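Everything below concerns the one structure shown next.
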Amino acid sequence: MQSKKPDQAAEMRWTSRDTGWMLNLFGTAIGAGVLYLPITAGSGGIWPLVIMAVLAGPMVWLAHRNLVRFCLSSTNPEGNITSTVREHFGERAGRLLTLAYFLSVYPILLLYAIGITNVAISYMEHQLHMIPPDRWLLSLGLVSLLVLAMHAGEGWMLRSVKIMVYPLVFTLVAVSLYLIPQWNGAVFDQPVDIKDSLLVLFIATPLLIFSFNHSPACSSFAHAYQRYFVDSRACHNKTSQVLKRNTVLLLVVILLFVFSCVLSLTPQELLQAREENVPVLSVLAYRSDNMIFSIIAPIIAFLAIASSFFGVYLGALEGLQGFITQQWVRHNIHRPLPHGAVHRGSILFILLTCWVAGYANWDVIDMVEMLVVPVLATILYLMPVYAFYRVKLLKPFRSPLLDAFIFLVGLMAITGFLVGKLI
């Protein structure tokens, strides 16, 4: 046993590669929605927010660890989540879940293409006071640069993520600390209504899941380490270590930002901001007449969208290639699959459709929400737990109490989202 300790220590030693993947997962989770999270989560009062903060850690950590464990259970080190689904659940269920996975990720990518184009145009017009390039050209340039960074190799991709995420973390933490002298106790003076608080908590569960979601990058993350580690135990330990540190970083940065913003505003300001659907930094700029918030907001939004684009792109590309592969195998049994053509065609399809979406500036956020949130909750929270009790290879990971908690959260997210749309 003693002879194995140095090897185990070497396996768990933290490297720059681990930092790169941790920041990739972090960047995938933090989208521009972080600027709206304090408004949505804080408008129901401080106590639902406190409960959400307590639950967020176990929810995020356990759900994403489950999904990564599911991805690592593939017998093919070169496979991905789509081939793993097909391997464990069969061809028919595999095709259905692969399509669902793609549809839960790809629409988010279109929204990011629209969002990053809008943010760039707005920043040029209002902060730089310059005439932006034609929308079609700007959108093509931005999307092409992001896609190019993804295919310059893992090292370049991870370096690009670091360039985006480090200033994003610094800015969010700096704003949070800057607001501390402006904290007030107004939010604690709100009357506590148990029924309303539970309703807010119930309806806010989907938002909480989506705000911390980095599942699109989990498959690529899992298989990057599966190809690196020969020993499956070491691979599970290392991926769990990276996921745990990423969860801690997410909780510290996001919750510090959310609580600092909520404690700096009054309940009336939070409710008004929710009705007007404006980001929290805009509210802070209006109330203090400090235009630095107006300058920072688009910078945070740009960095958040760009860093999220990387992780979501990985998931969308995997899902599309997996779906095309399954359809080819189904209808062309005796013809070899042209892997190179499928890969290049998938990249071109995503690039062109993201460009078109960014240029057309489609208003599809409600439709995307209706499609993405229920499917996302199913794949991230329900499917891995189901697999633990269906696939013998995953039996060692069963934990009835924790599995029941994650499964219940997934059901709450789906029903809470549907109820929130009806009331």
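A Cβ is built for glycine as well, from the same backbone N, Cα and C atoms used for every other residue.
TrEMBL entries are annotated by machine, without manual review.
The transmembrane segment annotation in TrEMBL covers 21-39, 45-63, 96-116, 136-156, 163-180, 200-225, 246-265, 291-320, 341-362, 368-389, 401-420.
Long-range contacts of the transmembrane segment (21-39) within its own chain (CB-CB distance under 8 A, at least 6 residues past either end) are made by residues 64, 112, 115, 119, 157-158, 161-162, 164-166, 168-169, 172, 207, 210-214, 216-218, 221, 224-225, 242-243, 245-246, 249-250, 253-254, 257-258, 261-262, 265, 270, 273-274, 277-281, 283, 297, 300-301, 304-305, 307-308, 310-312. If you look at the transmembrane segment (401-420), the same-chain residues 6 or more away from its ends with a CB under 8 A from one of its CBs are 55, 58-59, 62-63, 66, 202-206, 209, 369, 373-374, 377-378, 380-382, 385, 388-389. A Cβ distance under 8 Å defines the sequence-distant neighbours of the transmembrane segment (163-180), meaning residues of its chain 6+ beyond its ends; these are 23, 26-27, 30, 34, 249, 253-254, 256-257, 260-261, 263-264, 281, 284, 293, 296, 299-300, 303-304, 306-307, 310. The transmembrane segment (96-116) shares the most Cβ pairs under 8 Å with 368-389, out of the stretches 45-63, 136-156, 368-389.
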